[in-house]
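Before any comments, here is the structure.
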Amino acid sequence: MIDLTLLGCGGNVPMPNRFLSSVFINYKGRKILIDCGEGTQVSMKLKKCGFKDIDLICITHLHGDHIFGLLGLLSTIGNSGRTSDLTIVGPVGIVDCIRSMRNLVEYVPYTLKIIENPQGNFSLDNKVLRNLEISTISLEHSIECLGYSFNFRRNPKFDIDKATKNEVPKILWNKLQEGQNIVLDSKQYTPDMVLGELRKGVKISLTTDTRPIESIPDFIKDSDLFICEAMYGDDLDISKAVRNKHMTFREAANLAKLGNVKQLLLTHFSPSLDIPSMYLENATNVFENTILGEDRLSLRLNFDE
């Protein structure tokens, strides 16, 4: 299972009841943070996410409402006693941005590994996240902006009959199921000797900030959860959305429908949007399985058996 928490669902400026953009994913104790707006640490503390052992931080773009919480978080991580490497992924400019932050943070006893502007699919050189495939897409915003898709792959189902038939020692079963090749007593053992049919993973996609460009539906296709910006609830605000390169509730829902996703989570609401629920029908009339984001909303995604 995968646990996801929307730490902040606001856009532009923080509000008393709405912190800025941030999403936290916990998969088997491995932790991923997507964006880090103001208030992120407060929500993390309230939800007991933990700071020390974040494995990966992904930044969509370098507007303040998505990164102004990162400086403080890097400092807090340092003060937690962390010494292992921390990987940060982001668009063009992320290296210079992190370098500037690093100059302001007094104590960083860990190495920052930065991946700038990755294209297409990639996996991390990280044993604990080896089953995670990440994809990026260039979005249409006022500055360089990345959308992310996280595909949590599953190892194929273990086939005990196959393992027995191939006379594989039981002490090797777990490692082979994890995908390792093993030599024991001069004999080679490979994963295909114990593995059966493939199992479906879980796909989580996120796009913010952007207009609803044609490439998004294919990028988010068949996602179990699609997290999408929805800056404006009222259809009458479409001119603002076009001008500021954001989306309305209805536009986000249309992307979810075109992408054949299972569930849509709306986030990144304008400060002028006092009661987002007033406009929820603008989304549900297009895509029924729509959830309205709120700070510290938690969701659990389960793997199919």
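Note: Cβ is positioned from N, Cα and C throughout, glycine not excepted.
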Which of these, Asp3, Asp185, Asp192, Asp209, does Swiss-Prot list as part of the Zn(2+) 1 site with His61, His63, His141? Asp209
His61 (Zn(2+) 1 binding site) and His268 (Zn(2+) 2 binding site), compared by Cα position, are separated in whole Å by 14
Among all protein chains shown, how many Cβ atoms are found within 10 Å of the Cβ of His141 (Zn(2+) 1 binding site), not counting that one? 20
Other than its own, how many Cβ atoms are within 10 Å of the Cβ belonging to His268 (Zn(2+) 2 binding site)? 28
Which has the fewest other CB atoms in a 10 Å radius around its CB: His61, His63, His66, the listed binding-site residues? His63
